[in-house]
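Engineer: According to TrEMBL:
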- 96-355: domain 'Anoctamin dimerisation' (DOMAIN)
- 358-935: domain 'Anoctamin transmembrane' (DOMAIN)
- 369-393: transmembrane segment (TRANSMEM)
- 446-465: transmembrane segment (TRANSMEM)
- 528-550: transmembrane segment (TRANSMEM)
- 570-594: transmembrane segment (TRANSMEM)
- 614-635: transmembrane segment (TRANSMEM)
- 741-764: transmembrane segment (TRANSMEM)
Amino acid sequence: MDENGTGHRKTSERDDAREACKGCFVHSSSGDSLGKVQQPTEMRRNEKYTPLPIKEKRVDIINIKGIEDIGYVQQDSMILNSLCPEDDTQCGQGLYFHDGKRKVDYILTYHIKKPSGSKKYSSRFSENALARSIRRSRHHPSKKDPEIAAQDLSMDYHEDDKRFRREEFEGNLTEMGLELERDEDTKTPGVGFVKIHAPWNVLCREAEFMKIKMPTKKVYEVKQGSNLVEKINAFINKVTEPLHPNVEENRITTVKHLSYPFSREKQHLFDLSDKDSFFDSKTRSSIVYEILKRTKCTKAKYSMGMTSLLANGVYTAAYPLHDGDTNGENRAPNDRKLLYEEWASYSVFYKYQPIDLIRKYFGEKIGLYFAWLGVYTQMLIPASIIGIIVFLYGCATVDDDIPSMEMCDKRNNITMCPLCDKVCGYWKLSTGCATARASHLFDNPATVFFSIFMALWATMFMEHWKRRQMRLNYKWDLTGFEEEEDHPRAEYEFRVMQKTLKKEGKFKKTEKEKLTCRDRMPAYVTNLVMMLLMIGVTFAIVFGVILYRVSTKAALAMSSNPVTRSNVRLTVKATAAIINLVIILILDEVYGAIARWLTLLEVPKTDKSFEERLIFKTFILKFVNAFTPIIYIAFFRGSKRLVGRPGNYVYAFKSFRMEECAHGGCLMELCIQLSITMLGKQLIQNNLFEIGIPKLKKLIRYIKSKRRPFQEEEREKKLQHYETDYFLDPFAGLTPEYMEMIIQFGFVTLFVASFPLAPLFALLNNIIEIRLDAKKFVTELRRPIAARAKDIGIWYNILRGIGKIAVIINAFVISFTSDFIPRLVYQYMYSPDGSMHGFVNHTLSYFNVSHFQEGTEPHIPSNLGYKVEICRYKDYREPPWSPSAYDISKEFWAVLAARLAFVIVFQNVVMFMSDFVDWLIPDIPKDISQQIHKEKILMVELFMKEEQGKLNMLESLVGRGKDPKGMENCNSHSPSPQAHELKGSAVSLNAQNVDIL
């Protein structure tokens, strides 16, 4: 609307022209009414759009015959009041227009303010905004307070402004060839619906613009390699037949259609016998969505696209419809119902996923996610088996472990130094027997093997996924697909508009404005500061949990209950791990919201850029949040340099003595922390929240429905399909789904040396997660836009990075956190007989209790039955009677050298093996590369045959005495009528060639 009221004037003119129309309106390209439609349930065929000039459309029509057949003459597009009868069968439960023939491809919803009377929308629609405002103020001059009346007038103005934008936008949609039908008389109060249908000509035009590959009539035989490979594949398919879902797409076929980007000039290549099913619902909605993004409102002060209209509340939602219902035996079969039965049901948890059907219904991007999740889950099976074997090996050898036996032997009269100041007393080493035996379950020679195996497993998983991805790209005709630049986001358009308006008064506009780094600099600084602040908050919380452990340990040690004193360590470990879990769950939600806010501050131009930046920030914050407590336990808590020694401990705030690990090492505590965090996140955050929150929402809706004056069940029975979809949750993207799996992948690979059962718990979780996500996508979410993609994007690079970091972290865990290296050093350098006898005594140093700092010695008397003069502690230091008392001993340096050497050797060997596996396994399977090459050759042959047919036809016509100039026009941009005839003949000739090449 301009400043002179032109917008209101034009609206008034259009509304006045609609006064006589009581049913539906047919709009021309200019938006004016073309006359009254005689019957609401019939379309007028005598009215045509006035097409825009070709130059204005910027479309060059070159060498095209049959223009009416291929989509440049637009058919009627109508904005109607839905007069759907009560019988659902005539409207397909809301899946079709009121005529029962035109399918609903997309839905736009908007807020409406119902009038107090029972007036129809058409009468309300026939008045302009100014007239209604004046009439309202005139009819009730004394019933309202002036301030309330002013607020109502302002609200009416905003509503009318939104209606004006909707009219303009919908008029532009009709100019693009879409057909619209409006429905405000629904069972959903306050919501109006605009149903959109894309006719055949629009689908053809947009499919050509979007370069959508469609299967041609030509088919060719697909070979899977040598005869031996084919026999092996046939045997595997026969054995695993019960595991395949009962869907048509999963049946093994030996032929494949040759695909080619749809072209209106080459329609004869495609099977158009059934035009209604040629473009499936996924493709139709994608085409409509592309038109919606491209169409703009330009008569306002600034241009607004579909995203801007949604952001400003002009429309409240935009979504494609699901194909049908999932429940009911009498319902017509559809892809959604099939997905519900063969994919989203827990009873088919043992079956493979119908990936092709998922792609057909939801698009390639979502199909790739579930394909990746399926590959990841399958690869967890061998990892889980090896992890179980390693764990069982630890259980089987615990009684033969000499260091554990020495610690449990009560005849070894080893007195240990107090674990805390003042309140803790001396203790016997044999009391740590249970901890030592439990540590052996995870700290044994098999752990090193398992760490190497998991590093190679990660590489194998990535290689297997790349090959699987290439097979899907070939099968889904994505081999030549290249992502194009997306349309600008609403926030970006708004910022550009603000920048443009700001500069209009200062400078003459010379070029289109855009946001530069200088414009985003405050956002970049804010991002950096906030990211560092959030990481600092995570570190501070971890430090707070450390203080909790120290203070709680001291408090429990003072208890008069002997049971409490004997279980101090276990109590502190468990409660601290649970506190860490709760904090991680809370901060995950907080960090997710902060990451989105920071990304919005940057104002990325496209949705792809926004998604990548959001993923990067969210991953950094959630990764630090989940793994900081684990990293502290693994690498800092057990460090003697950060803990100190008796008589010279390290204190925090001069009063809290830093905690140290038990004699069995920190690996057991690391395992406890890792298992509680991993299982807690999976059970509470991933499963309980995803299952419980929707159930709770449904329960709340049910309770509210009982309080309403009408029965909720009766209302739901009469709801149209687009109304039921409106009440579903909007699709929020795949980022949360990927993020929880990536964090889980970190748990499985990064610290797997301390928790070999991690792959097993991940496998069990993913079996549930797949069906949980499937049910959510099929029944609880609106149908997402089918986005095309040929890979999983930035997530692949994150996975590779985690795999590389996992090698380094596991090397340090084995070397510095476990006792694997000290045991090897003792056995081969210090053991008198080459065995592990005497290892425990070798790792303990001596301390004279008279050397305690003043005020730190135990205040309670010794309950051991004798006076303690010398106590032991775990470290490599000189004894108090040595000239260099309490200095680091030479054994320490030998062990440190061995640890560093192990890290270097382990890292390089595993990296080399991973790179060798990466090099050995090709990214593209050989049979797929051969089939891609074969497709190119067949495509060339196809067009060569077509051209040869045209030349033969030209020669035959020349031989009959036709004008030979027609040959000169074969490749011209302005073909003669003869050339058109020849082309049509060649088309009809080639259309008969449907042989198997």
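Positions of Cβ are set from backbone N, Cα and C atoms, glycine also.
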Engineer: Mark yes when the transmembrane segment (614-635) and the transmembrane segment (446-465) have three or more Cβ pairs under 8 Å (sequence separation 6 or more) and no when they do not.
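Structural biologist: By the criterion, they do not touch.
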Engineer: What same-chain residues lie close to the transmembrane segment (570-594): Cβ under 8 Å, and 6 or more beyond its ends?
Structural biologist: 530, 534, 537-538, 541-542, 545, 548-549, 552-553, 556, 564, 618, 621-622, 625-626, 629, 669, 672-673, 676-677, 680-681, 684-685, 736
Engineer: Determine which residues of the chain contact the transmembrane segment (528-550) at the Cβ level, with the cut-off under 8 Å and only residues 6 or more beyond its ends counted.
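Structural biologist: Non-local partners: 420, 572, 576, 579-580, 583, 587, 591, 594, 598, 617, 620-621, 624-625, 628-629, 632, 652, 656-659.
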Engineer: Take the transmembrane segment (614-635) and find every residue of the same chain, 6 or more past its ends, with a Cβ under 8 Å from one of its Cβ atoms.
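Structural biologist: Residues 527, 531, 534-535, 538-539, 542, 545-546, 580, 584, 587-588, 591-592, 594-596, 598-599, 666, 669-670, 673-674, 677, 681, 735, 738-739, 742-743, 746-747, 750-751, 754, 794-795, 798, 809, 812-813, 816-817 contact the transmembrane segment (614-635) from elsewhere in the chain.
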Engineer: On the 0 to 100 pLDDT scale, where does the domain 'Anoctamin dimerisation' (96-355) sit on average?
Structural biologist: 77
